[in-house]
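What Swiss-Prot says about this one:
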COMPBIAS  168-177  compositional bias 'Basic and acidic residues'
DOMAIN    271-511  domain 'MHD'
MOD_RES   Ser223  phosphoserine
MOD_RES   Lys233  N6-acetyllysine
MOD_RES   Lys241  N6-acetyllysine
MOD_RES   Ser244  phosphoserine
MOD_RES   Lys309  N6-acetyllysine
MOD_RES   Lys351  N6-acetyllysine
MOD_RES   Ser493  phosphoserine
REGION    168-188  region 'Disordered'
Amino acid sequence: MVLLAAAVCTKAGKAIVSRQFVEMTRTRIEGLLAAFPKLMNTGKQHTFVETESVRYVYQPMEKLYMVLITTKNSNILEDLETLRLFSRVIPEYCRALEENEISEHCFDLIFAFDEIVALGYRENVNLAQIRTFTEMDSHEEKVFRAVRETQEREAKAEMRRKAKELQQARRDAERQGKKAPGFGGFGSSAVSGGSTAAMITETIIETDKPKVAPAPARPSGPSKALKLGAKGKEVDNFVDKLKSEGETIMSSNMGKRTSEAAKVHAPPINMESVHMKIEEKITLTCGRDGGLQNMELHGMIMLRISDDKFGRIRLHVENEDKKGVQLQTHPNVDKKLFTAESLIGLKNPEKSFPVNSDVGVLKWRLQTTEESFIPLTINCWPSESGNGCDVNIEYELQEDNLELNDVVITIPLPSGVGAPVIGEIDGEYRHDSRRNTLEWCLPVIDAKNKSGSLEFSIPGQPNDFFPVQVSFISKKNYCNIQVTKVTQVDGNSPVRFSTETTFLVDKYEIL
């Protein structure tokens, strides 16, 4: 390793925040930092000092020091460049270079330090990239949360309005001298009076409890007042109304059954002591009249070793990609070995891969505007008619080796015009009246089911049906890059391994 640790300390050598990039005890790092001020010679303008075992590269920051602890054979020029990047990171997270401010943002600084250095070597990143990586901002997550909060507020407002209506109906019945309606189904006898709003809420929450037959109600003559039976017809009507507006309502039992079913149908991943995760994400933008505006695909092989006896291994990579993908290995991986023999191994074969942590050993990137590279083409043809628009949408799988699962093609609809009239359709559809979208759902698209169409009619203009968005997931990667064999460095004996492949969408739009 080259870089052992990075720390912010006081002029007395007290550690405020420290990140070790090799295995090192707390006593050891505190001892190194405590010895640091005693080694400095204030009469000389040096930015580093050395001992018999390590080198300190440092930069004063008002009353503090930014210190890098490296091995003595490290490149001092690279260390100084890395030190400058560390020093620029700290003001990004701390308003003042003071001990209290550094301590308050210690975790933010540690996360940023990890983006700069991996396995003791500096990553090729700049300040803007570090900020982006540490924020992990997701626009889709913000939109989802905002929509969810809006739905919850609307549902609560509707519940309050319905409760007021029921309370008013009960008061009207009492004024007319008739018995107020009771509530049954919560015990051996009916419960009358009380807060109507509370009873409605309790009815929805307690749908998973076993129902007991209500006691027969005494006849009280004909009444025009609103009646609530043991089965909660008003509640059922209200829930049906929410469902018709696109809200998903399910009882606790149903939710549990769905969760259990998901667990049963989820394919188990048999993880060996050596496990590879191959993940690809695609970002694609097409024009509505044809033509690929941009397609970018990022892939990575993540290695996870759970048994330290398999730490010194090599991965045999089979690259059958013919699309011109750009490959890049981790800085600690022997690039010459990979180029010559398609083997992924550490530069120092005596070293071991980290245990119980995901390590990215190989990544690739593909960027193109070639239409033949589009994995799934979508054609949307809206044509104006006398009553609005007739929309025809077609899909076609261009990569026959792919199998796309859980495909959802989302088409925006004009607001305030009602539900679309569906003609012919391959698969299923969902109409979301709240979001004004039509979701075309296809469980599988593969070589046996590579094309399909959807036709519907709705009032609107052709521009109302764009952008069309697509989402899917696949267990086969787009770029045909696989790990075919894993062997140990000593003896070249084979090692059992498992692989998990995922190809998913980051953004897929037809504008």
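Backbone N, Cα and C atoms are what each Cβ position is placed from, and that goes for glycine too.
Model, not experiment: these values are computed from the prediction.
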Summed over the compositional bias 'Basic and acidic residues' (168-177), the DSSP helix, strand and coil counts are 8 helix, 0 strand, 2 coil
Cα distance (Å, whole number) from Ser493 (phosphoserine) to Lys351 (N6-acetyllysine):
18
Among Lys309, Lys351, the one of these modified residues whose Cβ has the fewest neighbouring Cβ atoms within 10 Å
Lys309
Expressed in Å to no decimal places, the gap between the Cα atoms of Ser493 (phosphoserine) and Lys309 (N6-acetyllysine) is 13
I'm checking region-level scores; what's the whole-number mean pLDDT for the domain 'MHD' (271-511)?
92
Within 10 angstroms of the C-beta of Ser493 (phosphoserine), what count of other C-beta atoms is obtained when all protein chains are considered?
9
